[in-house]
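One structure is given here, and the rest of the page talks about it.
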Amino acid sequence: MPLIGDKFPEMEVQTTHGPMELPDEFEGKWFILFSHPADFTPVCTTEFVAFQEVYPELRELDCELVGLSVDQVFSHIKWIEWIAENLDTEIEFPVIADTGRVADTLGLIHPARPTNTVRAVFVVDPEGIIRAILYYPQELGRNIPEIVRMIRAFRVIDAEGVAAPANWPDNQLIGDHVIVPPASDIETARKRKDEYECYDWWLCTQSRG
């Protein structure tokens, strides 16, 4: 099972948009792969609507989205049609129809429910490296804005070589500022308070950019 920091496994998948090769399909872009337990289920339906709502925002962040479950393509298609007809939402992102091979590779099959994928999220960067993995129980839907926040934060982290605080960009202590990496030697530590806004030499912040 791949972990954070690992290369996303190479795989050929069948989706509602046709065959794809991951992670090459999204080379140079961020992508989010999320698994859902099954089509035509209540919580998963609310999640698909919520993911579609933020899909344009994700694409503006140069991030793609792909769903996955152990269901056949025709099931995905009928469910997507149902969502469009009954919930007035056109699902625009691809959904992987998995026979179980992809789910096994990514560690998405729960032993107690071998026919259902767990509710998981993989965040993959433009180099194909897994940057975050989230798991949710079957009865709890995902917080979609948090997933978007992660993409925004990772882009800033990578571009500026900083860290993002809790609840960024609305942190209780430093607002939308970011955290400067701690000093790694005594001389740098001594200079820190003159260079940045600091609570102490090991907790210094700066404004964006």
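Each residue's number is its place along the chain shown, starting with 1.
Yeah, the Cβs are placed from backbone N, Cα and C, and that goes for glycine too.
A simple way to gauge crowding: the CB of C44 (active site, cysteine sulfenic acid (-SOH) intermediate) has 20 other CB atoms within 10 angstroms, across all the protein chains here. Taken from Swiss-Prot, the feature active site, cysteine sulfenic acid (-SOH) intermediate applies to C44, supported by sequence analysis.
In sequence order, F34, S35, H36, P37, V43, Y135, Y136, P137, Q138, L140, G141, R142 are the residues near R119 (substrate binding site), counting only same-chain partners six or more apart with C-beta under 8 A. Swiss-Prot lists R119 with the feature substrate binding site, giving sequence analysis as the kind of evidence.
Packing around C204 (disulfide bond) is summarised by its Cβ count: 20 other Cβ atoms lie within 10 angstroms of its Cβ, all protein chains included. Sequence annotations record features per position, and here Swiss-Prot assigns disulfide bond to C198-C204 based on sequence analysis.
Across all of the domain 'Thioredoxin' (2-156), the predicted model scores a mean pLDDT of 95. Under the heading domain 'Thioredoxin', Swiss-Prot lists 2-156.
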Given a separation of at least six residues and a C-beta threshold under 8 Å, show me what packs close to C198 (disulfide bond) in the same chain.
R192, C204, T205
